2 protein chains.
Amino acid sequence: MDSTSQMADFSESNFIQALSLGKTEKTPVWFMRQAGRSLPEYRAIRGVGSILDAVANPSLAAEITMQPVKRYGVDAAILYSDIIVPVHACGFGIDIIPGTGPTTDRPFEGESDLKRLANFDAKTDTGYVLSTIEILKKELEVPLIGFAGGPFTVASYLIEGKPSRNFIKTKQMMYTQPKLFESLLWRLTEITVDFLSAQAQSGVNAIQLFDSWVGALSPREYRRFITPCASEIFSSLSKFNIPMISFGTNTSELLGLFVEAGASAVGLDSNTEITTATKRLGDKVAIQGNLDPVVCLTSVDNIISQARQVLMDSAFAPGYVFNLGHGVLPETDPTKLVELVDFLHQNGEEIRKNERASATLANREEHIK
Amino acid sequence: MDSTSQMADFSESNFIQALSLGKTEKTPVWFMRQAGRSLPEYRAIRGVGSILDAVANPSLAAEITMQPVKRYGVDAAILYSDIIVPVHACGFGIDIIPGTGPTTDRPFEGESDLKRLANFDAKTDTGYVLSTIEILKKELEVPLIGFAGGPFTVASYLIEGKPSRNFIKTKQMMYTQPKLFESLLWRLTEITVDFLSAQAQSGVNAIQLFDSWVGALSPREYRRFITPCASEIFSSLSKFNIPMISFGTNTSELLGLFVEAGASAVGLDSNTEITTATKRLGDKVAIQGNLDPVVCLTSVDNIISQARQVLMDSAFAPGYVFNLGHGVLPETDPTKLVELVDFLHQNGEEIRKNERASATLANREEHIK
C-alpha cells in the first residue's frame, strides 16, 4: 500500500469493518492508553513535565502515537492527546499535574467563567493536534482514532478543580444551577464538535468520545443533561461517515442512551458483560471491550485465558473490537500485550466462530434476543 | 408501648412491613450513615480518635445510634459500628485513620496472614457490640438494623492496606492466587456469619450486608467468588427470620445475583433507577434507595422535588424503603433531613398510590413486567 491510498481509506480494515458491522478476517484490537507510561520507549522520549507540552509537539506526539502500533501490532492508533487539550488551549487555565491529573486553581463557578471558554477555534488553538494527525496520516499503516472528552467529564474537571470521586461540586451545580450547568455543557459541546470535526477533516478514521465519569449520573440525569449534548456531537460528526464510539466507566445503565444519542459503537468497561450489552443494544451497534486492565498485570497464560472468555462473550456482538475495560495500567509489562495481540489475531475469529457454532439453538436465541 | 413488647417485635412497623412486602401506612425511611459527622450532637460527644474506640464503648455507641432517630424521626436505627470491627477485633492489625479510612501497615499477602484472622468469637471479641444492642433494645422505639461488611469489601481493605479506587492488588490476588483469595473470602464469611448471628440473637430486627465496593467485579467474577459467600451468609441467617438487605455501589449488573444469593431486599445506589430494578428483580424483593446524597446538600425545595421523583419511581416496587443511594455526606445540614423525613411520612404513600393509579394500563404492564 502506498501512503496516498492509506490516507484515503481504511474502510476494508478489520477495525473499521468491525465498527461498521461488516466482515472481519481477524479480531481487531487496540488498547485505551496504549501510548503511555507502560512503554519504555515512551518514557525514554517523553521527558518530564506536563503531557500538554508533549501533545503540543507534533513530531513527538506522532512518534508516541505510533509506538504502540509498532510494538504491539494493534489494529488502530489513537492520537496521543488528552481530554482537556481543548479547554486548556482556549485559555481556561487548567493543567495536568503529573500523578494527580487535571487541576485548576480557578474552578468553574459561575456565568462569568464561561468567558474563559469563549474563544476556541480548533485550527488556530489546537493546530498542533491537526499537524500531528497530518504526520500520522503519512506514516501510519492502520486507522487513526481521534477523540475528545465527553461534556460531563470535562465539566467535572473544570468544576471540581481536580480529579474527584463523588463529583459533589459538579452535581451540586447540576441540581441547584441547572441553567449554568447546561450552559457549560453546551459550550463544551460546541468546542467538542469543532475539535472533532477538525480531526475528522484532517483524516482520522474513527472517533471515540471519552465521557469517562458520566457513569456518576443516573439515566434520568443523563437523558436531561447529556443526551442533548451527545446527540449534537454525534449528529454534527455524522457527515464524516466515520465510526463513533462512546465510552465511559460504570455506564451499564447508560449504554442504551449512548446509542439513542447516535453512537455507532459502545466501549464497555469490565463491569458489564458483553453478552448483556449485546442483548440490550440489539444488532445495530458495535461493541468494544472489555478485559479488566488488572488482568494484564498477571501471567500470559491467565491473560490469554481471560481474553478467550471475552472473545467467547463477544461471539454474538454484531461488530466487535477487542479492548480493555479501561486504560492500560502504567505497571503493565508491554511484552505481555504483544503476546495478547498475537493470540487475538491468530485465534480471535476462530474462537468467536466456534462459540457461535457450539451454541445450541436455545443459547443462540438467548444470545440474540 | 412498653419496652418488653418493643424488644419482642417490630413486625408491624412500616420498616419491617416494607421489607417483608407487606402493608405500609407511611413510607419508611432511614439514611445510610445517618449517625455521624453531619450531626452536631454527634460531633459533640464523639471526641477525637478512631471510630473503633467509640464503637467499643456501648453507652456511647448506643447514644450515637439513637441520635438520628431522635433528630430525624427515621423509621429504623442502624447500629453505630464499622465494617472492619470484626477483623479489627480478631487482631488482624487494622485501624481507621480519620480522613483516610481503614488502613493497615501489614496488608494481607499470603496464606500465613490467615492466622491473623483465625480467632474470632463474636460474643468474646465484639461483646461491646452486643452490649450496645442490648442497651438499644431497651431504649429504641423503632427497629434496629444490624450490619456487617461484605466479604469482597472487607477483603479489599485487608489486601490493599488502604482505601482503593481500582482494587488492583485485590484483583491481582483474585486472578493469580484464586485459592488464597477464596480462603480469605471464606474466612471473612465465617466471621460475618458469626458476627451477624450474634447480632440477630441479641435482637436486631433486620440486617444489611454492606459490600460497598463489590461493584468492582463483573457478574462472572461475583458469581464465582462472592455468590458462595453471600449465599452462606444469607442462608445461615435465614433462621432468624429477619429481613436481609444487600447493598453495594455500582452494582447495577449484580442486583439479580444479590437476590439469587438469598437477600430479601436490595439497596440501590443512585445510578440504577428503581423502575429498572423493579422490572429486573420481580415481585419477591423489596427495594431500598436511592436519592443521590449530593441532592441533600441543595435546597429543601429541590430535595423534596427529587424525593418525590424517587417515590414515583418506587410506586411498583413490591416493598419499598426510602434511603439515599450512599451514605449521608458529612456536610449535610441535618435540618434539611428533618424536613425530608416529614415530607416522606406525610406524603410518601399518597404519592406512590397516585402514581400507581395514574399509570395507564400500558405503563402498568411495562412497570411490572
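Including glycine, each Cβ sits where the backbone N, Cα and C put it.
Sequence annotations record features per position, and here TrEMBL assigns substrate binding site to A:Arg33, A:Gln34, A:Ala35, A:Gly36, A:Arg37, A:Asp82, A:Tyr157, A:Ser212, A:His326. Just so you know, the Cβ of A:Tyr157 (substrate binding site) picks up 26 other Cβ atoms within 10 Å once every protein chain is counted. When secondary structure is read from DSSP and collapsed to three states, A:Tyr157 (substrate binding site) falls in the helix class.
Feature annotation from TrEMBL assigns domain 'Uroporphyrinogen decarboxylase (URO-D)' to A:28-37 (among others). Within its own chain, the domain 'Uroporphyrinogen decarboxylase (URO-D)' (A:28-37) has Cβ neighbours under 8 Å at 13-15, 17-18, 43, 64-65, 67-68, 72, 74-78, 80, 145, 247, 267, 321-324, 326-328, 330, 337, 340-341, 344-345, 348, counting only residues six or more beyond its boundaries.
Sequence annotations record features per position, and here TrEMBL assigns domain 'Uroporphyrinogen decarboxylase (URO-D)' to A:145-161 (among others). Within the same chain, residues 30, 76-79, 81, 83-84, 86-87, 92, 94, 101-109, 113, 133, 167-170, 173, 181, 184-185, 188-189, 192, 195-196, 199-200, 204-214, 216-217, 225-226, 229-230, 233, 245-246, 248 sit at least 6 positions outside the domain 'Uroporphyrinogen decarboxylase (URO-D)' (A:145-161) and bring their C-beta atoms closer than 8 Å to a C-beta of that stretch.
Other Cβ atoms within 10 Å of the Cβ of A:Asp82 (site 'Transition state stabilizer') number 19 in total over all chains. Taken from TrEMBL, the feature site 'Transition state stabilizer' covers A:Asp82.
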Rounded distance in angstrom between the Cα atoms of A:Arg37 (substrate binding site) and A:Asp82 (site 'Transition state stabilizer'): 14
Distance, A:Asp82 (site 'Transition state stabilizer') to A:Arg33 (substrate binding site) (CA atoms, angstrom): 10
Among the substrate-binding set A:Arg33, A:Gln34, A:Ala35, A:Gly36, A:Arg37, A:Asp82, A:Tyr157, A:Ser212, A:His326, as the record gives it, the longest Cα-Cα distance in Å: 23
Binding-site residues compared (A:Arg33, A:Arg37, A:His326) - highest count of Cβ atoms within 10 Å: A:His326
Distant-in-sequence Cβ neighbours of A:Ala35 (substrate binding site), under 8 Å, six or more positions away: A:Tyr42, A:Ile64, A:Thr65, A:Gln67, A:Pro68, A:Ala77, A:Ile78, A:Tyr80
Averaged pLDDT score, the domain 'Uroporphyrinogen decarboxylase (URO-D)' (A:145-161): 98
